[in-house]
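Per TrEMBL, the feature domain 'ABC transmembrane type-1' maps to A:73-263. Taken from TrEMBL, the feature transmembrane segment applies to A:12-36, A:78-98, A:110-132, A:144-163, A:184-209, A:244-263.
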Amino acid sequence: MKALLGPVGIVLKYASLFVASAVAVLPLVVIGMAAFKPTQEFATSAPLSPPESWAYLGNFVTAFTRGGMLQGFVNTSIILVVSLVGTVIIGTMAAYALDRFDFRGKKLVVALFLVATLVPGVTTQVATFQIINSLGLFNTRGAAIVLFMGTDIVAIYIFWQFMQSIPRSLDEAAMLDGANRLSIFARIIFPLLKPAIATVVIIKGIAIYNEFYIPFLYMPKQDLAVISTSLFRFQGPFGAQWEVIAAGTVLVILPTLAAFLFLQRFIYSGLTQGATK
Amino acid sequence: MVATTTARPAAALVAPSGGARSHQGWRVTPWLFLLVPVALLVTFTYVPVANMVWYSFTDWDGLDPVMNPVGLANYARIFGDPAYFQVFLVSLYYLAGAAVQLVLALYFATVLSFNTRFRNVFKGLIFFPYLINGVAIGLVFLYFFRPGGTLDALLALVGVDAPAQWLGDPSVINVSLAATSVWRFMGLNFVLFLGAIQSIPTELYEAAELDGATSWHKFRYIILPGIKKIVGLSAILAVSGSLSVFEIPYIMTGGANGSATFVIQTVQAAFTHHNFGLASAMGVLLLVIVLVITWIQRRFVPDEKVDLT
């Protein structure tokens, strides 16, 4: 699009963009600088001055070993992989049933999924807690896994939308060749859903990596800490050691930054699809 | 569900080309695919909602096998006790923050939809905070707002020597926290708006240019109608979002200094004070409010497709 702004307008436009970028980046840069300062230097230097040396990694070592972040990354990875596999299988199966079949009760099922999007998960945790407890899942990774798998309606919508673009003639041709529904789903539909699966894996993966409430509430045991809850616990033992907290924070943000740099395009389009369901 | 599982082998045995098989398949197979998704949906969404309504009329402590019915006492307490009702005032700060957030997002989305140098860099920088882990954001801003921290150092550069206690002063704390929330979520609204603007066909702008339209005209008569739907949806989500704020204040202050939100209070009622009945009543109340807001949106903002051509 051609810009129709005068010179003053152009200056103002770029000025506003630079200010916004600075506001977005500055808090992160400052905490990044703190992470490289040894205790002594941190105590004496101003927050806005860069560290004397960018080679001091002591804070990262302390955060990683004494802060239990290794455990956190392991637990997050396990939960991430299992929940993502589960979400993809469950979501594609539900979308397949809803898109390719007409059956009694279909309207009811669709309505159940639709209405559920209106229930904010955070409001029902008090009662969900009792269910997790009675299933014997409290203080197990299973608690986070079933909750991540069971509540992702957006994923089902993304699969459903995408499936509508896969021609039904493919199903019919396979059916004439004697394939049953399960093998049509597994051999024809599922492989064609790859782009939608990539979208769901990326968007949901970031959401699981960032989730704080569910692991905090359902997995308080120390060695079940995920990345969010282990970082949350930094506030106690390292309360006065901001340079170590800063290093832990940087360690948590780095994987997100890497994911963003490599997957930008997918993230933008995935969010747009998820929101306009 | 038992009937469906036993019927499956029978369906598979019938000759593949027979009409009977496909008929049978149409009836039973969808439920096989839906069994697990629907079971999870019911177990973790509908059963909790039903239980929560039930608990809200009792004095249950979450542990005791006995629950005594107390009628509407829990609800009466929420509305009668100012300590419980006051938290709704806190959400006004986040509501104001959400309004700022939507205006900023709309501005930057519009600006970046025009030709701009380094467009993708600006887009990435403005959006990135949304992807960051909430605990990391909480710690970044604890460091930012702490006495002698980043903000105070920045203010000292422009000559402010006695800055406010950003997280210590009850009259400032909610502004600081709501600002953190804007920092975190603005990028999402911005990217959604930008996506909607970019899906407007370019011929419309070209035609408008031929007619001598200014940038303001293009914004007012092409962009704004084109993104009305996503802006409306975002506004509704912002309202229900500001009622259910939890992460940022809980991580940064634990709800101290008058920063407790409705959800923090609910969590504390349930898991600190073991008053599940009261906590459930608060949950039901929040759910009802959110449902009413959504209903109003569906009622007054019709779900029509905007036709620009």
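Note: Cβ is positioned from N, Cα and C throughout, glycine not excepted.
Residues 79, 82-83, 86-88, 90-92, 94-96, 98-100, 113, 116-117, 121, 128, 132, 135, 137, 189, 193, 195-197, 199-200, 203-204, 208, 211, 214-215, 218-219, 226, 270, 273-274, 277 of the same chain sit 6 or more residues outside the transmembrane segment (A:144-163) yet have a Cβ under 8 Å from a Cβ within it. Counting only same-chain residues 6+ beyond the ends of the transmembrane segment (A:110-132), those with a CB under 8 A from a CB of the stretch are 94, 98, 138, 143, 146-147, 151, 153-154, 156, 213, 217-218, 277. Note on the transmembrane segment (A:12-36): residues 5, 42, 47-51, 53-54, 56-57, 59-60, 242-243, 246-247, 249-250, 253 of its chain, located 6 or more positions outside it, place their CB under 8 angstroms from a CB of the stretch.
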